[in-house]
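Per Swiss-Prot, signal peptide is recorded for 1-18, and the stated evidence type is a curator's inference. The disulfide bond annotation in Swiss-Prot covers Cys21-Cys134, Cys55-Cys181, Cys87-Cys103.
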Amino acid sequence: MKTIIAAIFLGILMHAFAKECTLMAAASNFNSDKYFDVPHVYVTHSKNGPKEKVCREYNTTKNSDKTTSTTVVTLKTGGTQSIVLSCNNSPKSGVKGQYFMDCQVPGGTGGINIQLESSIIATDNKNYALVHFCPITGRGVTEDIVVLQTNKDNVDPGVTSAIKNYGWSLENWKSRKDAGCQ
């Protein structure tokens, strides 16, 4: 009987931890000074994100304390709904290219707070990045990998190469090409 209970308990633990997000390693060429000099990018593709057509843009500024602040603007096609998140990004200690993100809805009632970990898994530090996000808190937030690009209309060859290096196909990802980003 003890063996059966132990096996059930182990199975429950394995199932619970199987859903945890393990942050992927950051790109070896990541350079925070160059990377955060790019103030505005578009999410052009999402591996696990919603299928609906949304335009998501990131605007980032450097802070004097070596953290960065990012404003994430999400606009559904047709401009019917806009969601703005204000995030403070702090580098993970001793890990280049990985960050803790604490995001809130500015001017909100204090009810929405989302915490994430992020890892820049591929980048050229100026035109594109693949970023892996793992939720720490936040209902409805799922693990995702997104393509960030300065050019919303074309896929940078570096993106294609990085996706291929991971054994993925961009054709299987959700494109934001027809989302109507301005």
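Heads up, the Cβ atoms here are built off N, Cα and C, so glycines get one too.
Projection of Swiss-Prot feature records onto the structure.
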residue: Cys21; record: disulfide bond; CB count, 10 Å: 15
residue: Cys55; record: disulfide bond; CB count, 10 Å: 20
residue: Cys87; record: disulfide bond; CB count, 10 Å: 21
residue: Cys103; record: disulfide bond; CB count, 10 Å: 20
residue: Cys134; record: disulfide bond; CB count, 10 Å: 20
Just to verify a number: CA distance, Cys55 (disulfide bond) to Cys21 (disulfide bond), in angstrom, no decimals.
25
Sort Cys134 (disulfide bond) into helix, strand or coil using the DSSP assignment.
strand
